[in-house]
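Residues annotated as oxalate binding site in TrEMBL: Asn103, His108, Glu113. Residues annotated as Mn(2+) binding site in TrEMBL: His106, His108, Glu113, His152. Feature annotation from TrEMBL assigns disulfide bond to Cys29-Cys44. Here TrEMBL flags 58-206 as domain 'Cupin type-1'.
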Amino acid sequence: MAAIVTYLVIFAVISSALAYDPDMLQDLCVADTSAGIKVNGFTCKAETKITEADFFFDGLAKTGKVNNSVGSLVTGANVEKIPGLNTLGVSLSRIDYAPEGLNPPHTHPRATEMIFVLEGELAVGFITTANKLISKTVKKGEIFVFPRGLVHFQKNNGDKAASVISAFNSQLPGTQSIAMTLFTSTPAVPDNVLTKAFQIGTKEIDKIKTKLAPRKS
């Protein structure tokens with residue numbers, strides 16, 4: 001019994017240690033996104049091919065153009081945009097909100113998120129695994145934290161645009177929008193799963209799927 005307990009403790013410690021981006025083992029490991037090799041992260045670009053451009057991105061400097069039904073736009077600054085972030089365990093995003101805009105309930109499976117409000121006022125919150133809502137209104141210059149993996153949201157309740165900068169402790173935090181994940185996955189989640197889970201009929205399911213379906217260009 002003592003051996004089993006010891007094993008479980010060791011397993012818990014190791015699992016905790018591996019729950020975040022792996023530590024770097026050299027000064028630089030600029031992502032070689034064209035390598036075509038699948039690893040946990042990206043393979044390293046040859047040092048002779050590394051330039052300052054691998055560490056630069058100006059995509060968060062300007063306000064994003066919001067043109068969707070939910071009224072928000074997320075601009076990522078992760079390893080896919082900044083190859084030099086590979087193995088460094090950090091990334092940023094900018095989120096712009098139209099008046100009454102919403103960043104719908106979603107999760108980041110690989111990172112904790114911390115937002116800094118650039119402009120406006122937002123109602124923000126996350127839900128714990130005990131189904132408790134932790135929420136607050138945050139204003140310009142204020143910060144709010146969303147723990148890793150928990151469902152969270154931001155809503156601009158004002159009549160003016162708002163924006164935030166988000167920081168993550170992962171080079172590629174990942175995002176799963178609850179509604180999009182359940183109603184627009186490929187292959188589709190079976191209707192009988194959705195009708196049972198949400199206690200609604202197939203007609204309502206079809207309406208939701210139609211509204212969430214990507215726009216055809």
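Keep in mind that glycine also has a Cβ here, set from the backbone N, Cα and C atoms.
Here the features listed in TrEMBL are placed on the structure.
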| residue | record | CB count, 10 Å |
| --- | --- | --- |
| Cys29 | disulfide bond | 21 |
| Cys44 | disulfide bond | 18 |
| Asn103 | oxalate binding site | 25 |
| His106 | Mn(2+) binding site | 20 |
| His108 | oxalate binding site | 23 |
| Glu113 | oxalate binding site | 23 |
| His152 | Mn(2+) binding site | 23 |
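Distance between Cα atoms for His108 (oxalate binding site) and His152 (Mn(2+) binding site): 9 Å, as a whole number. Sorting each residue of the domain 'Cupin type-1' (58-206) by its DSSP state yields 22 helix, 58 strand, 69 coil.
Cys29 (disulfide bond) sits 24 Å from Glu113 (oxalate binding site), taking the Cα positions as reference. For the pair His106 (Mn(2+) binding site) and Glu113 (oxalate binding site), the Cα-Cα distance reads 12 Å.
With respect to their backbone Cα atoms, His152 (Mn(2+) binding site) and Cys44 (disulfide bond) stand 34 Å from each other.
Other than His106, His108, Glu113, His152, the residues of this chain whose Cβ falls within 8 Å of the Cβ centroid of the Mn(2+) site are, in sequence order, Thr107, Phe126, Phe146, Leu150, Val151, Pro173, Thr175. If you measure from the Cα atom of Asn103 (oxalate binding site) to that of Cys44 (disulfide bond), you get 34 Å. Other than Asn103, His108, Glu113, the residues of this chain whose Cβ falls within 8 Å of the Cβ centroid of the oxalate site are, in sequence order, Ser93, His106, Thr107, Ile115, Phe146, His152, Ser166, Phe168, Pro173, Thr175. On the backbone, the CA of Glu113 (oxalate binding site) and the CA of Cys44 (disulfide bond) stand 26 Å apart.
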